[in-house]
Amino acid sequence: MSTNFAATTFTDPSKIRNFCIIAHIDHGKSTLADRILQLSQVVEERDMRDQYLDNMDIERERGITIKAQNVRLPWIPRSGEFEGQEIVMQMIDTPGHVDFTYEVSRALEACEGAILLVDAAQGIEAQTLANLYLAMENDLEIIPVLNKIDLPAADPEKYALEIAHIIGCEPEEVLRVSGKTGEGVPELLDKVAELIPAPTSEFGEDAPARAMVFDSVYDTYRGVVTYIRMMDGKLTPRQKVTMMATGTNHELLEVGIVSPTMQKCKGLGPGEVGYLITGVKNVRETKVGDTITWASNGASEPLKGYADPNPMVYSGLFPISQADFPDLRDALEKLQLNDASLTFEPETSVALGFGFRCGFLGLLHMEITRDRLEREFGLDLISTAPSVTYRVVAEDGEESMVHNPSDWPGGKLREVYEPIVKMTIIVPEEFVGSTMELCQSKRGQMGGMDYLSEDRVELRYTMPLGEIIFDFFDMLKSRTKGYASLNYEEAGEQLADLVKVDILLNGDPVDAFSAIVHRDSAQWYGNKMTKKLKELIPRQQFEVPVQAAIGSKIIARENIRAMRKDVLAKCYGGDISRKRKLLEKQKAGKKRMKSIGSVSVPQEAFVAALSTDAE
């Protein structure tokens, strides 16, 4: 194995190149990263495995990158103006999914350039576009690349034109590589060395240190490991540092780089990317996007661009067995170490017991969090239907923010505001009609449409977030045979006619099934839930009405028939009045039972009723 000159730090900034890869799910970003690792020989052949940087099982299984990873690599360009010089590449692998835009924006802050990676058989997708615009806003140097040119279905000419049209470059400038065979990858790295600017430091290496945190992970043995990009100054082990957003002080126990495993080093200088370990066990003290500086004589101004990510979707998570409640709390706290954007607070439900109300960035984030809780911590969970945050103004002018249907104020409401999103959908031309129909059925308002090429169309809509968090994505995929891609971003709020629909069992509301829906679809929701519960709840000894209500007005009803014992079996050929006496007696018993009995709802019924259907 060649000696890794990238393993020594305090490199001259002019020899450093920081870049990230922007790509859609499945466009081959992790495979390309694998090839780059092999070419630079930092991973020995025997240790190489596919998707080397995706550490979590769930990342490999779903083929997506969730956490930003970083690697420091040596590269000696074989062509171009830096031929033969030792260049240190720092690659930051970013998530490509819409829910993780904040993770992407922080990773972009740590770079000077980006490789825009597009599948040569599929063309650019909506989320890639969103991340590309984010990179352009940050003034990053963009290197357009078509991947998977070894595929028989690849059409590099067509998509090179499409990319050139979007970025405003010449089609010939779009590089062609194959992450699988490695073709074109060395040329790509030479281009990175040539085109991406070296990091610049605003105040130089002798100024007070300023470093931006772009990720933090929790290590069971060493506490929180914080990944940083140095902007100014130097950090060395045993220094005392302060986190500017939280104002906490720590001692640096270890400073190091990832190449591609963690290696201790003597310290980090301007432009370098590495990690710090301070022995902190509580991740709330290391916020992603925060600025780290020296505790004494530190920098006065933090780096700009730090924002607390706001949850957009809320859902209740309840353990199936109540004994797991403390474990669920521990698990959520551990996940929060890794995931700054996850928020949670305890919640009790009459039907489901104790649990947590959790806030997520979006649906994928919610699904992955739940998956990780079940897989990494072995918990069995029920999650309630997702909801968003509504701003409710009561008749007396009092305002409240509601993100749980059970907190919905009673009485008359003056107005209700719901969050809306601006959505971009890219679909093949033949599916435009059915996609527009779907968006209109979800109360979407069209903002415009553009042809990206002769057979791909970009549609822009403004839609209520509450309508898309449930099953919009699945419906869109099924209507477009899986060819559509979408991206959404927050766009404020709008007035809406929303009501809370309660589901009553035997006259008592069950909080887990309550939902906030638009008045026009309240009837549909009521009918759907009552029918579903009628099939799921086993028959009781007495008749149970399942009703849907808005306030005190019942809008839908189904009955679960009572189980009856045959009381006439012992009455041989007797008189009708004898039979009637027995039936009346049974009826009176059932009536008494109904007034005092409670309905037992099995756990499975909750799980099934709360899971979304393909309706």
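Numbers run from 1 along the shown chain.
Each residue, glycine too, has its Cβ placed from N, Cα and C.
The structure displayed is predicted, hence computed values, not measured ones.
Swiss-Prot has this to say about the protein:
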| type | residues | note |
| --- | --- | --- |
| DOMAIN | 14-200 | domain 'tr-type G' |
| BINDING | Asp26, His27, Gly28, Lys29, Ser30, Thr31, Asn147, Lys148, Ile149, Asp150 | GTP binding site |
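DSSP classifies Ser30 (GTP binding site) as helix under the three-state reduction. Residue with the densest Cβ environment among the binding-site residues Ser30, Asn147: Asn147, by other Cβ atoms within 10 Å. The average per-residue pLDDT of the prediction over the domain 'tr-type G' (14-200) is 73, rounded to a whole number.
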